[in-house]
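Take a look at the structure set out below.
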């Protein structure tokens with residue numbers, strides 16, 4: 001795929017529906033790998049399907065969990081997949097073999113997991129009713145500090161390079177922590193009006209640039225610049241670059257994300273299957289994509305390189321892409337499209353070895369006869385595949401999954417002797433399944449506060465009110 005030829009000179013966002021990916025079971029969440037060649041889809045029955053996005057086919061199926069998968073995250077080299085489920089388990093999977101490398105058991109449900117963007121040896125976990133954690137693959141974990149107000153309903157996210165962790169609580173307070181020392185580098189509070197606060201629902205970062213968005217419960221998406229926020233320091237008051245909202249319908253947002261180049265922002269409605277796309281620099285709404293009526297949106301992700309969006313509703317992954325129009329004049333400026341056949345009249349000397357009709361000026365011009373050396377061996381790095389602090393592409397990235405060919409009449413015992421072999425592996429390096437080490441399981445104990453009980457008008461809970469004796473004649 002040559003990305004330079006895919007460069008669009010007009011809009012760079014999806015325009016229309018482009019098919020579905022049906023994973024047999026009901027899909028609940030999805031995530032693209034770094035290059036966008038593989039799409040991991042987590043389902044309600046606990047299975048994870050890895051789709052080859054170029055061929056739109058299932059490349060691998062992993063029986064990961066017992067309960068629904070709620071969050072997925074790819075490692076930087078795309079060889080590991082992090083999954084979280086409502087069964088309180090977080091697992092690290094080897095994408096090639098489909099086996100579980102490590103399993104972490106928590107005492108509560110997990111809202112979100114994320115690999116460190118530059119280190120696959122640690123990851124971020126956001127448990128329910130508890131502060132976020134930084135977990136190492138060795139089993140150690142660190143609890144991220146919370147704000148002075150003591151609110152433990154925290155959503156957290158790594159920044160683009162994993163240097164900082166941004167946390168937001170239900171009272172609108174955002175902390176920026178150093179990912180190594182966990183020291184608070186900056187903080188600010190999102191307020192509505194003069195005094196009231198709003199809950200932080202999610203924090204998302206752009207793959208390109210230094211911007212991040214904050215989705216809050218007041219139905220407004222705020223876009224901030226990371227450099228400005230860090231310069232404001234602790235208890236700063238940074239102003240957002242943009243405030244995006246649906247002024248007409250007052251839509252609440254289920255999921256928000258940036259485009260691959262960071263120039264557009266997509267937000268999925270929590271009321272219906274509708275995707276709103278804004279241009280980040282101006283803040284204007286450029287497109288609304290409507291799905292099937294009556295369906296609720298579950299997840300939205302943008303392709304990391306191309307203008308493609310994947311959304312999940314009613315258990316099916318919908319793909320949104322641009323309308324591809326064939327433009328044959330792009331191959332030659334003087335190319336003309338014909339509605340019907342036209343007889344071509346060739347010049348008398350058009351196919352001669354030496355053009356006798358060439359003018360004297362053209363005859364004296366010998367620049368075409370000069371030998372020009374063309375380098376066909378060295379490969380230049382594609383800018384879309386590299387980060388701004390990298391010179392070349394990562395050669396260890398897993399782009400595709402090898403699959404065994406379908407043979408109509410296989411020989412006896414053929415299926416038992418076949419095993420997936422990657423180009424980097426040799427038959428000598430492969431081990432039998434019985435000798436492979438089992439996955440390690442870690443139990444992470446957390447102090448989870450009990451759920452708040454609703455209070456009656458008298459100030460006591462319902463249970464105490466129910467046990468209170470009722471005045472009157474005693475029962476016989």
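Cβ from N, Cα, C; glycine included.
Whatever TrEMBL says is automated annotation, not expert-curated.
TrEMBL assigns the feature region 'Disordered' to one of the listed ranges (346-371, 372-397), namely 346-371. When DSSP labels each residue, the repeat 'WD' (62-103) comes out as 0 helix, 24 strand, 18 coil, counted as helix, strand and coil in that order. Across the repeat 'WD' (62-103), the model assigns an average pLDDT of 95.
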